[in-house]
């Protein structure tokens, strides 16, 4: 019976193909050891290349060490390659500010990804069963999850270049244990599974038995069915959000993903949510919870510009033109470069190139410059290139290209006196996390141009200008 269901689940969700290289995650417990035995049975007919992985969480002292030894012997018994790693779950829990269970999960998948990259594994088989699915769904309902959270444990999902597959996901824990007993399969018992200090254990040992007794004897199957019922609707939403993500998102830097604000506002909230969620996952493998999503929606409607703290050092940043998700953990280091006349330099800190060129005399007529100004501004906003024109006589070479310093002042074009650069950038709705990356063009200690944002008063061209310098900045290709 269990062999038939095992094969049916594999085929139903297209988990495995003949000739696959499969890494089997084995903790030593009943479920994972049964999974190992079933895949070994299929090895010859399906031409599998199998290997065993075990992660030692070091949470149970000598018992953890014995688990690892037990799994190592099993792998040797079946003649399979064995991979293991010891991890510090408590340190991960503190660093990521997550639960013990979540920290252990993160470390497991980090371990799997390392093996995938080094050994070219295509599939990773893990032993989650129907009871695990029911417990996860119920736990997430109690935590107030959204639709995506109710998908709970996916039968098959991508992990880097490989897939996580769960061939036992439609089998009950009871049936798996019966199979182990009938086939004299030995396994390790984890005493911590009965520790009711853990929420999952309280759900398993107290809440679910009560629900089975008083409400529905098949409550586990009912709960485990819910993720499959949601899949059809959610797959449509995911496909739609993927389409919009490609259309309106832009990866501006390693740590920033931006959406055109007007396009973003025209989308349904369900799609907006998925766009922000995807950006968070790409930048920091983080999820968007209800509290942050509610705060984001409220401020998006009421404020033209804002900066909202999200989980894991992420921020949602809105300006009049854009909505962005930014990962900002560390302050940008200072940079400073020298720029001579008729020279081009790279700024690796911002992945940009700056060029300084003396223009021919006929290009410096004052009114000609004014007539070009409006068109030039429109062009700059549509490209990755920005430039300004300066009076050569008012500049002192070499110029300095640097980022901001505490106490910087700047006199914008047309303003009677200098103002604090910080206040100017705030007024211009420059996001906080972008301000340390803005290149400033400096001549004898005075900022003559906040590159791509505004020209200064001190080196502007006038009727008396005899020679003109063009300074341009563009994204490095």
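In case you wondered, yes, glycine gets a Cβ from its N, Cα and C as well.
If you look at the transmembrane segment (21-40), the same-chain residues 6 or more away from its ends with a CB under 8 A from one of its CBs are 2-3, 6, 48-55, 67-68, 70-71, 74-75, 78, 80, 83, 108, 112, 115-116, 119-129, 162, 167-168, 173, 176-177, 179-180, 183, 185-190. Among the features that TrEMBL reports, transmembrane segment is placed at 21-40.
Residues annotated as ATP binding site in TrEMBL: 27, 28, 29, 30, 31, 32. Here residue 27 (ATP binding site) comes close to 54, 67, 71, 127, 188, 190: these same-chain residues lie at least six apart in sequence, with C-beta atoms under 8 angstroms from its C-beta.
For 399-471, the entry in TrEMBL reads domain 'Lysidine-tRNA(Ile) synthetase C-terminal'. Confidence across the domain 'Lysidine-tRNA(Ile) synthetase C-terminal' (399-471), taken as the mean pLDDT and rounded to a whole number, stands at 91.
Mapped onto three states, the DSSP output places residue 29 (ATP binding site) in coil. Most Cβ neighbours within 10 Å, among the binding-site residues 28, 29: 28 holds that distinction in the structure as shown. Other than the site residues 27, 28, 29, 30, 31, 32, same-chain residues with C-beta atoms no more than 8 angstroms from the centre of those residues' C-beta atoms, the ATP site, are 26, 33, 34, 127, 187, 188, 190.
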